[in-house]
Amino acid sequence: MWDQGGQPWQQWPLNQQQWMQSFQHQQDPSQIDWAALAQAWIAQREASGQQSMVEQPPGMMPNGQDMSTMESGPNNHGNFQGDSNFNRMWQPEWGMHQQPPHPPPDQPWMPPTPGPMDIVPPSEDSNSQDSGEFAPDNRHIFNQNNHNFGGPPDNFAVGPVNQFDYQHGAAFGPPQGGFHPPYWQPGPPGPPAPPQNRRERPSSFRDRQRSPIALPVKQEPPQIDAVKRRTLPAWIREGLEKMEREKQKKLEKERMEQQRSQLSKKEKKATEDAEGGDGPRLPQRSKFDSDEEEEDTENVEAASSGKVTRSPSPVPQEEHSDPEMTEEEKEYQMMLLTKMLLTEILLDVTDEEIYYVAKDAHRKATKAPAKQLAQSSALASLTGLGGLGGYGSGDSEDERSDRGSESSDTDDEELRHRIRQKQEAFWRKEKEQQLLHDKQMEEEKQQTERVTKEMNEFIHKEQNSLSLLEAREADGDVVNEKKRTPNETTSVLEPKKEHKEKEKQGRSRSGSSSSGSSSSNSRTSSTSSTVSSSSYSSSSGSSRTSSRSSSPKRKKRHSRSRSPTIKARRSRSRSYSRRIKIESNRARVKIRDRRRSNRNSIERERRRNRSPSRERRRSRSRSRDRRTNRASRSRSRDRRKIDDQRGNLSGNSHKHKGEAKEQERKKERSRSIDKDRKKKDKEREREQDKRKEKQKREEKDFKFSSQDDRLKRKRESERTFSRSGSISVKIIRHDSRQDSKKSTTKDSKKHSGSDSSGRSSSESPGSSKEKKAKKPKHSRSRSVEKSQRSGKKASRKHKSKSRSR
């Protein structure tokens, strides 16, 4: 083909140059009808094949290649390397374009038809384009089916040209073929003549010749058979393959649209069924997803195989494939990508979570056994043996140390967490206790304030009532004293003065005692003392006025006593005054009792508040004493045991006797010590009992004192009433006796009456004072009897004096 029996072939380059110049001005090669072009090329080839067969020498093959030249290898390129036109034609023009140099359709000469070849019928692999094989005898003949048809042979050497590997993106040196990579197979420089038999070909060559999508496609031009197709040049075959691929894409799009329409119908039906049914139902799964996944994998494989195969224009294919995608397809691909990404993310996250959970569970499970192994003596004994130490590895020890450190860290964290929880609980309890204590203190303060307010109000009310009663008594006394005789007034006023003086003394004592107890009580006592002093001053003033008024009326006494009407008036006024006095005394006694009861209640509360603190102190002191006693007893016992042991160690009989004596002495000492201890304990118990008895006595004395005060007041009131009654009886008897002795002269009667009245008035207060000093204060009956005896004695003395005169 190339040398034509040693002569260079000059028509092909010239025609090729003309065709290249014309092809540059043509339209896009994708718009060419490759089927018609292939048929025209086959027709021209058949027409020109007959002439070439006639002109061809016998020793040459139809392609113009000699057997010797094919076998010689690299030595058959001398003419081509020396020709300058050849290098000028191949290097600049073929390197400029990515499209192969297609021969012009109106070319006058075409390569001759091949010679006799043994063509094997197509095998089962119907899609492969290399199913035909040469005979073993013609193995070294140039193969028309490979991609080097229409170009220089593989062993032709050309100057170095930069190449680019589309698979890896790295520049490397030219192969031995020396031609541009888009038109020759990329790959490392191999042997000069690769094996052309199918069995000896590499697997990449077989994969390269197959179509990327193995789908049954209908071939429109039925005139072109598989055998004729193999005879076509590579650039025509590539054009045909492009056409077939476009047709396949169209068919796939139609099929996808049909499937989508079917899916939409099925989904509508499923939604209608779900709405009509009771519960929600899952959509029926179609085969569309799986088919799409398979198609994606096939497209990926096709893309990978397309990189290996020789493609004249890979960039325009991608550019043309992008606009061919519809919006629905793009959306569907985006959905698939999002599904893939979401599933991958979900799987990654779940894997991480499962790993961490399993790690935590494993760590918790291995905590306790790891500690037990570390602390066990059996493991230490095993590790101490020399033979067993070599079985362990460094990795296992590191892992154990890591586990131990992790377990220790977790233990520390747990302990800290527990400590924090306990501290928080303790702080909460303290706060609650403080709040409760504050509330109790506030309540106590409020109670004390209420009690003080009530006491003050009660005291004010009592003072007002006392002032009213005293005013009434003063008015009644003034009225009664005006009506009484001077003897009666003097006799009645003296016991009143004495009674008031005693009450003053008792009040002063009670005021002094209460002032020492509390400030509030001192205030109440001071107010009561001031009120009593004011009442006493008013009563004393009234008595003075009554005494002054009664002194000039002594002369008229005899005349008044004689009339019976005057006696009746006196008895009425006395009874009325007695009633008023009794009521006033009762009111005063009640008021005093109330005051004392309030004071006693306050003092009892204070003692109760103090008593638990005292009991606590006593219990603490008792516990300390008991501890000291126990410690001393334990020491004495230890000493005895030590002495006994020492005595047992000595083996001599003399020593035994001495030890027995010493033991007896020690026993006596211990007995004496025990006796002393018992005595001390008894004394302490007695002291405690005495203290308790003292407390009880104090309480009883306090109760008795309160009762005695009440009894004293009652007795004093009764004494006053008895004295007033006895004086009135004496006066009545004296008047009756004077009336019976009227037989004597008037002068003597007047003198005797005046003297006796003066003496009786003067003697009666003195005798009453002496008798008061002699009277006991405890029994009520004694006071009544003494008052009666004193009245009898006074009457007897008065009788004796009157008789003597």
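Glycine is no exception: its Cβ is also placed from the backbone N, Cα and C atoms.
From Lys266, Lys483, Lys496, Lys700, the position flagged in Swiss-Prot as SUMO2 cross-link is Lys496. For the residues Ser321, Ser601, Ser717, the entry in Swiss-Prot flags phosphoserine at a single position: Ser321.
When other Cβ atoms within 10 Å of the Cβ of Lys703 (SUMO2 cross-link) are tallied across all protein chains shown, the result is 11.
Ser465 (phosphoserine) falls within a helical segment according to DSSP. For Ser467 (phosphoserine), the count of additional Cβ atoms within 10 Å of its Cβ stands at 14 [all protein chains shown].
Taking a C-beta cut-off of under 8 angstroms and a sequence separation of 6 or more, Ser465 (phosphoserine) has the following same-chain neighbours: Ala587, Ile591.
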